[in-house]
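A short worksheet on the structure shown next.
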Amino acid sequence: MTNSSITAPVTDILAKARSGANLSAKEAIILLETTDNRLIAWIRETADFLRRQQTGDTVTYVINRNINFSNICEQHCSFCAFRRDEDEEGAFWLNLEEIIAKAADAVRRGATEICMQGGLNPKAKIKGNSLDYYLEIVKNLKQAFPDLHLHAFSPQEVQFIAREDGLSYEKVIASLQEAGVNSLPGTAAEVLVDEVRRVICPEKIDAATWLEIVGTAHRLGLHTTSTMLCGHIETPSQQVQHLEKIRKQQEIALENNYPAKITEFILLPFVGQSAPKPLRNRVGQDQPILADTLKLTAVARIYLGNSIKNHQPSWVKLGLQGATEALNWGCNDLGGTLMEEHITTMAGALGGTCLTVEELATAIKSLDRPARQRDTIY
């Protein structure tokens, strides 16, 4: 294949994207499979152009705290170094007082958001009810800190509660919302292709269930985020299938005028350093490959940007320097201060667990772009 025969389709695709049109899945795959550095530079420039057009030059961040309330989990995802059995060394399960104390510390430090998720612990019940356990945490947090935005419980956790108690997803989500949950994290998405999920997270909900729960949340008025775990066994085609499903889910929310939608897309590159050996050995790397992550970051902006405008890198996984570079590849948000983080750190990530507002603002300023604190839903 000649150089010009490779260049022509890529430039045509990028011109189409710049015109404001949505790309097809096939066109996105062509971009991801591009290896010519000159063309990759054009992909970056197009993503940066669209980012500027769709969200402006301001880079946002949120002052938040992660609270991972337990790592006791019934599942055994092949990428996860966080989960433990109840009697295993390193297992933890925070009580209500400890959770409230962490939230109080976060509020003292200026946090507007608590992001809360945990392992799937069948013993986390009150009088035999899983939902009641989660509701007790939420009600006590909101009673103590009514103005705090509670971004809590992934679609996987919603399904777990529903299964344990024999409830519908709608009942679980509505109950959490009524108790004070303000939005759901779009984690546990990993790759929304069941062929991949059967290898990396066979016990997790399938792609259709993840999408159903997210759609139900939107219909009930709860915003969600969206994520993708990349850089392991998935192919470019499977990456695009994932993006396509997220875009379609957002289009459903927009076309039906649901009261809520997907607020952001976050790319989460696989960190293998301390991950279980089978997947770590199969992937053959301990830390993310920055160049691959940046190219996918750009293609995600180009493919999703018309419907999901806010794109965020993971500084925990890429480090602050890598995440700052992603702001040149289509991202417009640098995420949160976190204050603590266990899931990725236990997998061996080198990005750290806490950044100050000053550190985030300095990183943004290094690009000569203005910084602005935001709330959870932008």
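Note that Cβ sites are derived from N, Cα and C of the backbone, with glycine treated the same way.
Secondary structure at C80 ([4Fe-4S] cluster binding site), as computed by DSSP, is coil. Around the Cβ of C80 ([4Fe-4S] cluster binding site), a 10 Å sphere holds 20 further Cβ atoms from the protein chains shown. Annotation comment: Swiss-Prot describes C73, C77, C80 as [4Fe-4S] cluster binding site, evidence class sequence analysis.
Taken from Swiss-Prot, the feature domain 'Radical SAM core' covers 59-306.
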Next on the checklist: Under a three-state reading of DSSP, tell me whether C73 ([4Fe-4S] cluster binding site) is helix, strand or coil.
Outcome noted: coil
Checklist entry - Using an 8 Å cut-off from the Cβ centroid of C73, C77, C80, can you name the remaining same-chain residues around the [4Fe-4S] cluster site, in sequence order? => result Q75, H76, F79, F82, R83, G119, C201
Checklist entry - Near C73 ([4Fe-4S] cluster binding site), which residues of its chain come within a Cβ-Cβ distance under 8 Å, counting only those 6 or more away in sequence? => result C80, F82, R83, R84, G119, L120, N121
